[in-house]
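Peer 1: The region 'Disordered' feature in Swiss-Prot is assigned to 1-26. Marked as NAD(+) binding site by Swiss-Prot on the basis of sequence analysis: 71-73, 112-115, 143-145, Asp148, 168-169, Lys190, 208-211, Asn219. Among the features that Swiss-Prot reports, 7-phospho-2-dehydro-3-deoxy-D-arabino-heptonate binding site is placed at Arg159, Asp175, Lys181, Asn191, 223-226, Lys287, 301-305, His308, His324, Lys393. Sequence annotations record features per position, and here Swiss-Prot assigns Zn(2+) binding site to Glu223, His308, His324 based on sequence analysis. If you look up Swiss-Prot, you'll see Glu297, His312, His1292 marked as active site, proton acceptor. Among the features that Swiss-Prot reports, region 'EPSP synthase' is placed at 434-895. According to Swiss-Prot, the feature active site, for EPSP synthase activity maps to Cys877, an assignment based on sequence analysis. Here Swiss-Prot flags 948-1165 as region 'Shikimate kinase'. What Swiss-Prot records for Gly955, Met956, Arg957, Ala958, Ser959, Gly960, Lys961, Thr962 is ATP binding site. Annotated active site, schiff-base intermediate with substrate per Swiss-Prot: Lys1320, in sequence order. Look at Swiss-Prot and you will find 1402-1715 tagged as region 'Shikimate dehydrogenase'.
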Amino acid sequence: MTSTASAQQPVLRTKTPSYHAPPSTDPLSGATIHTLRCLDTPIHLGYHLIPHIAKTLLSTLPSSTYVLITDQNLEARCSVTTAFRREFEKAAVHLSSSHSWRLLTKVIPPGEASKSRDGKNAIEDWMFEHRVTRDAVVLAVGGGVIGDLVGFVAATFMRGLKFVQIPTTLLAMVDSAVGGKTAIDHPLGKNLIGSFHQPNYVFIDAAWLKTLPVREFSNGMAEVVKTAAIWDPIDFAKLESSAPAIRSAVLGPFAKDAPLDQGRTLETRTESQSLLLDVIRGSVGVKAHIVTIDEKETGLRNLVNFGHTIGHAIEAVLTPEMLHGECISIGMILEAEVARYMHGLSQVAIGRLTRCLKEYDLPVSLSDSRVTRLAKSLDVTVDRLLDIMKVDKKNSGTNKKIVLLSSIGDTVQNMASTVSDHIIRRVLSLAATVTPIHEQPNKPKVTLSTPGSKSISNRALVLAALATNTCRLRNMLHSDDTQVMMAGLHDLQAARFEFEDGGETIVVHGNAGALARPANDKQIYLQNAGTAARFMATVVSLVHNDGNQHPVVITGNKRMKERPIAALVDALRSNGTSIDYLEGHGCLPLAVKGTTHGFKGGKIQLSATISSQYVSSILLCAPYAAEQVVLELVGGQVISQLYIDMTIAMMATFGIKVERLLDPTTGRPSNTYRIPKGHYVSPDVYDIESDASSATYPLAIAAITGTECTVPNIGSASLQGDARFAKEVLEPMGCTVVQTATSTTVIGPKLGQLRQIGLVDMEPMTDAFLTASVLLAVAAHSPANGSTSNARPSTRITGIANQRVKECNRIRAMMDELAKFGVNTKEHDDGLEIFGIDYRQLHANVRVHCYDDHRVAMAFSVLASLAPGAILEEKRCVEKTWPNWWDDLERKLGIRVHGVDPECSPSLCISPSHFTKASAASTNGKPPTCLSQLTCGKALTPRKYSKHATIICIGMRASGKTFLGAIGAAALSRTFIDADVVFNEKLGAKDGLGDFVREHGWPAFRQKELEILQELIARHPSGALISLGGGVVETEACRQILAEYAQTKGPVIYIVRDTNAIVKFLATSDRPAYGEPVMDVYRRRNPWFSECSSAELVSYSEGESLAIQPCAMNVPDPSFTIQKKFGLETEVARFFKFVVGQDTNQIRDLVVDSRKGGRRTYFLSLTFPDVVPKLELIRSMESGSDALEFRADLLNPSGQPVTTPQIPPTEYVKNQLAALRHRTSLPIVFTVRTHSQGGMFPDGKQHEYFELISLALRHACEYIDLELGWDDDLLSAVVQAKGNSQIIASWHDWSGRLDWESESTAKIYEKACRFGDIAKIIGKATTMEDNYSLERFRAKVSATATKPLLAVNMGSVGQLSRIVNPVFTPITHEAMPFKAAPGQLSFRQVQTALSLIGQADARRFALFGSPIGHSLSPLLHNTGFAALGLPHQYELLESTEINDAVAAFVRSPDFGGASVTIPHKLNIIKLLDEVTDEAKTIGAVNTIIPIRDAQGVVTSLVGDNTDWIAIETLARRSLRTVHLADPNLTGLVIGAGGSARAALFALYRLGVKRILLFNRTLANAEKLAREVPPEWNVSVLTSLDEVAQLSADQSPSVVVSNIPAEGSTLDASSRGLIHLPTCMLRNPAGGVVIDMSYKPHYTSLLQLAQQVNTNHELAIGTNATKAPTRKLWAAVPGITILLEQGCHQFHRWTGREAPRAQIEAAAWDVYLQRC
């Protein structure tokens, strides 16, 4: 890169020479004009230029026709066409123009939609209609869309017309209007069709900017800041120092008596107008100069794309909600961070750029609330952005190029630089992983300067701001904390800030304590900056308030609103300052009103036991109090005295000497201070010491890795307590420490030789305890003096109690995160104890949750240098004190850092700790909307968690947490942990929890419960399912832990059970008594369970009864059925798999591009007011449906149809949903249809509507219908809270006025795609043309669609649209009480209609083989076709060989598929194009599937095998979840013939760990065992009696017989037959037996299963009059296997689930007759 740069020709970094020319007065118009040139194009800048434009064009570009094109918005606001026509007519008179001319005007629709081929054609057709000729001059009056579109029209119309740009937006003025680029959009991207066509003039009239919304002005300022950043440091300084004045030129306030054309001449132009025009002129000048040198963008011109590589990618995802300039603003910061990593761009430069962009209300991070509140923010992932960046005009092949800053006003190269993906990923990613380094032969020596001290920087800012003069602060920390402090002081008018030395020096012009309220009641937003918040609380009290003015509000982010400030508030209140808590007591936000004289002063008492910052806050402001302040510290030991001493020392430097009074009794210094009144006088220059807390991290790197590190500017003379860290912590741990007054050097011991130090008081250096903790974690050796209180080496850290109220509870954070690495800790009141381990025992691949705390992140990056695969989430939190820490860690300390995504969310807009985190640029500092805040009280909603995140179950005692949790754990193959069991094991409560409670009481129990919860979460972050005790939510600390876990780490599931059932169970329980009624306990806990959980699982009281397998009336036994299993266990497994995203039960092949065809999908709309009595009916109605629509708005507890709008009771909805869930396996579409949209839910009931939507989210519904009529913030909140649910964004128009091809419908579609995973638009047809219009709309949007579209017309005329709609067509059924919407059809009706209109061709199917005359296959498939209304036919094609008839059949155009049986299962392969891997493994094909293209033409024939699928499916359906999770699951296969290989394969795929194989001919079994893969783990038995030698629990749970029925017997004395001994079925957990023999259905094996079941029932005393709920052994006959494999064939051929009930009934009827 360096060589390339040096080889380039030097580029003069200036602007076009005309930029430097002074303005002139135009002789024609009298306006004051600045003139620039870009190539040959004059650019005129000024104010109120329409008269000037008219006179200039008539005099210099005479033409017969002037064509003015603008948009409807501008015309409506400014009457553009009228204004220009008037001035043209005036100009013609003024100029006495003799030539004939006309002015044609056209107003077009606004927005990007007009910038299309259709939009261009419309303009051109209009120009031809008006006989426009080649001498015409085209005027583009508008923003970028108008300029690009009209410019392209001018470029191509009659091969090119004269063209004038008159931009009216700031973005267009400084960007698109200059340079000659013109273009229109294509469905595949923006600006893909266009040309370079230089305008004849560009007229930049800044008066237009007053017509812009504030946001549009900011949007344009992004480009202004950008050009200054890459080219002109002087202009940049002007932009950052004069932002209020520049903004006021556009946003006001304006003088009431100002002339209407103010600014048109220099005499009337205000200072702010001149500043604005100056920065616009500067930006235009840069671009004009660059374009003049590089018109066609061969290199230099792409410098103006700074911020655009990443910014454009962000814009591609977030458009149109986020504007171009807003995305580029974020992109500039991210690209500057790339430059910092690659070329050392200073953090000062990034800080200046960040502050400057914020001054113009632009976002600077993806966590800005304007981004996070958008539904699309979930799609902003690293992979998505990198993929978009592949298509960028600056790229060279696959190499991505980014403009890299070297400093403010300069770039690394005079073109974009090549940047690798891993660097971009490193910058973009929210998390970081550190590559561990081990002992190196040549230990490196590193010298590393740390950033300026945060503590000193913040104090210096306050002191300098309150001073009477100017001070230059050097080495100040440029971070989030100091930025918000400067912003706050600026808003209070406390000081004016400037920058020198490239921003390294901050010049503070103090205002002598004369503060004022922020303009427009702006809140002072301090993020999570505790120091700034505490200092600012007293600073704002200096603002004088006569009692009539509003208070000043200081606020922060979520965590800042939890940090204590009560002691300081109490002290200020007692002194007369009025302070109100606006949210939680004792925390921000605060509304502060000073007195008439500001801060009163006098004697003040303050508790300083929590934070010394309270003391410093009052000390710093005390000189400006109305009375002399005497500050007395009360309440106990003062915390961090050294920081109080630091404040006093700094005050002395600024001219105020604080007197610490002596105790009259002892004569020793007391805790009382006298502060004289006065004004600070700043030193001319104040050098800020480097940060001692930050210095601990590089020094710790040296200590832990055995290397050497020197930190200059921190030594023994430091004011900071943390400077002691090296001598008092590292040296005793075995490091060599050399410390002078101004530097510290640490040399670490040999790797792994750190030692414990027993006891250390870190009260003087509390922030450094985190660094000490990670070092002590790998200190495996005892202290040098040999003293330790435990057998294991340990160190107890004391004096750090205040660390519990920092950015997080740091003591708990360190304990929890160290536990993940395998390090034990113990908490104490004033600190913690750490038990070290050998570094080689550290757990690998740990994900460290950083709690949005900079010190947690940096401390664990030290430990990660030895821990393989450690991932540090929220890496950006280091920006609080050391923004370039990750760069320095790699570039200076030599430890490689990579970017990774946090598991809790891949979105770059969502912090793992704060899903509602706001940035400093958010409006009034308010966080984005969250669903729970809006609609659901405090109930949480799901997230997309890691698939492996540990699940926690909570709920009332006896709700089923253990039972259901065990099922869930088995379904997910996870470890199940019962917290009650852990409690008993840890505390030896042999007689149960009741014993412990009786002995120690409930409070002691709750404390132990809290400790166990913390330990379980720390030790099992993934791969487990934990069931907690019912009372865990009684403790507030537990509730906070659970809520934080649910929001950031993993699912917390609330198990809900009917309270009456709970009471009944507890009546016989030995659990300790509550001491109060169970219902009272439930009422108290229920809200807590909701606010601590992210999902709810109903332990449905009827679930077990519903678990009985359904079957047709003529099926002899329920275990013979092919109908799908449902019930409690099935639903619990589905629920848990859905919550973690393992299997979301959603349709994966929804059609996106309707032009390409695809499988049509449908959902059945249920309209029952009570679904429970109709559950069996609903199952019979499911055939053909892909999902069920659950219409919550139509539910009614009375059981009567809903006739007027009403709100269904929430509990009723829950129970109805649970009942349906336990009776179907289909996905649920949860719908609440409002009355205006055609439903029965009252309009306007926002809270109740979203409460039901939240219910659906929490109950794991696969699809949720979300109406688009609600506010965007509400819709975004739902999308952010949807977890794994998919949103169907719906719009229903009942008026019949919806025009499918209108702009308004396009906007509805765009909005539906923005918020939904599926777009749903419903119109109403009155004519057939409405259906044709819909299909044209569908075809148009399909060209660029990324989301499936459900679009139909209601009404009988609209039925055609329902027939052809490919996605989730709502259908009804003849048995439904009424249709959910007019015109709904049944599935059969739709299929019949599709066939009639030629959209569903009739197909032919056949069975190949011999003999096949008695096969049930034709009956099976033809029954299915008829039941679903499909026009297909299945027949028999008998042959003993693969002949021409078979070949002709499979190659015929109407071939739909075929079944294959003996003798063709192998020979058929020669006719096939492909064979699946499964069929190859088994060595047989029994199914042929034709693959068709979008036109329906067969492109290939694929052979598959469904025999093994039938065996595996029926075995899995018959087994319990605990069977499938059994690590000793054993299977037995009898027979080694042709079907045995399919049976072995099926058991392997089932998850059987050991397969036993028996065959009467031993050699055949041994041969087969050798042929199959060794991972199948097949063992051959010489006799079935050998099973008796296995332990009972390792005996087979799955038995598959492949021998003829007549070949086996239960009689041990029979000769020549295989005897089936009872020992085969001795597993106490039972299982399933499958007999592949077709006849008879009641074989010896099935008889054996019946005998074992009978004996089992007798042994347990089953009441003969009561049907057992479940048999020990399920029995599956061969006929069931045949039907099951046939149903899988049916699905593969048709894409539809076979109607199993109808098929089963028909097949068994014929089968039993034949038997």
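Cβ atoms are placed via backbone N, Cα and C, with glycine included.
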Peer 1: Compare the C-alpha of Gly960 (ATP binding site) with the C-alpha of each of the binding-site residues Glu112, Glu223, Val225, and give the closest one.
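Peer 2: Given the candidates Glu112, Glu223, Val225, the nearest one is Glu112.
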Peer 1: For Leu209 (NAD(+) binding site), identify the closest of the binding-site residues Asn191, Arg301, His324, Gly955, judging by Cα separation.
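Peer 2: That would be His324, the closest of Asn191, Arg301, His324, Gly955 to Leu209 (NAD(+) binding site).
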Peer 1: Once near-sequence residues are set aside, which residues in the chain of the residue listed as 'active site, for EPSP synthase activity', 6 or more away, have Cβ atoms under 8 Å from its Cβ?
Peer 2: Cys850, Asp852, Asp853, His854, Val856, Ala857
Peer 1: Cα distance, Lys961 (ATP binding site) to Arg159 (7-phospho-2-dehydro-3-deoxy-D-arabino-heptonate binding site), nearest Å?
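Peer 2: Their Cα atoms are separated by 76 Å.
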Peer 1: Looking only at Gly955, Gly960, which of these binding-site residues has the biggest number of Cβ atoms within 10 Å around its Cβ?
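Peer 2: Going through Gly955, Gly960 one by one, the largest Cβ count within 10 Å is at Gly955.
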Peer 1: Spatially, and counting Cα to Cα, which of the binding-site residues is closest to Arg957 (ATP binding site)? Options: Glu112, Val145, Val225, His308, His324.
Peer 2: His324
Peer 1: Could you give the Cα-Cα distance between Lys115 (NAD(+) binding site) and the residue listed as 'active site, schiff-base intermediate with substrate', in whole Å?
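Peer 2: Each residue's Cα considered, Lys115 (NAD(+) binding site) and the residue listed as 'active site, schiff-base intermediate with substrate' end up 26 Å apart.
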Peer 1: Write out the long-range same-chain contacts of Thr962 (ATP binding site), meaning residues 6 or more apart in sequence whose Cβ is under 8 Å from its Cβ.
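Peer 2: Residues satisfying the criterion: Asp978, Asp980, Ser1027.
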Peer 1: Round to a whole number and give the Cα-to-Cα distance in Å for the pair Glu112 (NAD(+) binding site) and Ala958 (ATP binding site).
Peer 2: 59
Peer 1: Of Val145, Leu209, Val225, Met956, Ala958, which of the binding-site residues has the most Cβ neighbours inside 10 Å?
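Peer 2: Output for this query is Val225.
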Peer 1: Just to verify a number: CA distance, Thr169 (NAD(+) binding site) to His324 (7-phospho-2-dehydro-3-deoxy-D-arabino-heptonate binding site), in angstrom, no decimals.
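Peer 2: Distance (Cα to Cα, whole Å): 12 Å.
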Peer 1: Of the binding-site residues listed here (Val145, Asn219, Gly955, Ser959), which is spatially closest to His308 (Zn(2+) binding site) when Cα positions are compared?
Peer 2: Asn219
Peer 1: List, in sequence order, the same-chain residues at least six positions removed whose CB sits under 8 Å from that of Val304 (7-phospho-2-dehydro-3-deoxy-D-arabino-heptonate binding site)?
Peer 2: Asp175, Lys226, Thr227, Ile230, Val286, Lys287, Ile290
Peer 1: Might you list, by sequence position, any residue in that chain lying six or more from Glu223 (Zn(2+) binding site) with a Cβ less than 8 Å away from its Cβ?
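Peer 2: Those within reach of Glu223 (Zn(2+) binding site), by Cβ under 8 Å and sequence separation of 6 or more, are Leu170, Leu171, Val174, Asp175, Ser283, Gly325, Ile328.
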Peer 1: If we count other C-beta atoms within 10 Å, could you say which of the binding-site residues Asp71, Glu112 has the fewest?
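Peer 2: Each of the binding-site residues Asp71, Glu112 was scored; lowest Cβ tally within 10 Å is Glu112.
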Peer 1: Give me the Cα-Cα distance between Asn191 (7-phospho-2-dehydro-3-deoxy-D-arabino-heptonate binding site) and Gly955 (ATP binding site), rounded to a whole Å.
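Peer 2: Roughly 56 Å, rounded to the nearest whole number.
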Peer 1: Within 10 Å of each Cβ, count the other Cβ atoms, then let me know which of the binding-site residues Thr169, Asn191, Ser959 comes out lowest.
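Peer 2: The binding-site residues Thr169, Asn191, Ser959 were compared, and Asn191 has the fewest Cβ atoms within 10 Å.
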Peer 1: If I restrict to non-local contacts, at least six residues apart, and a C-beta distance under 8 angstroms, what lies near His324 (7-phospho-2-dehydro-3-deoxy-D-arabino-heptonate binding site) in its own chain?
Peer 2: Leu171, Asn219, Ala222, Glu315
Peer 1: Checking the recorded positions Arg301, Met956, His1292, which are within 10 Å of Lys1320 (active site, schiff-base intermediate with substrate) at the Cα level?
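Peer 2: So the list reads His1292.
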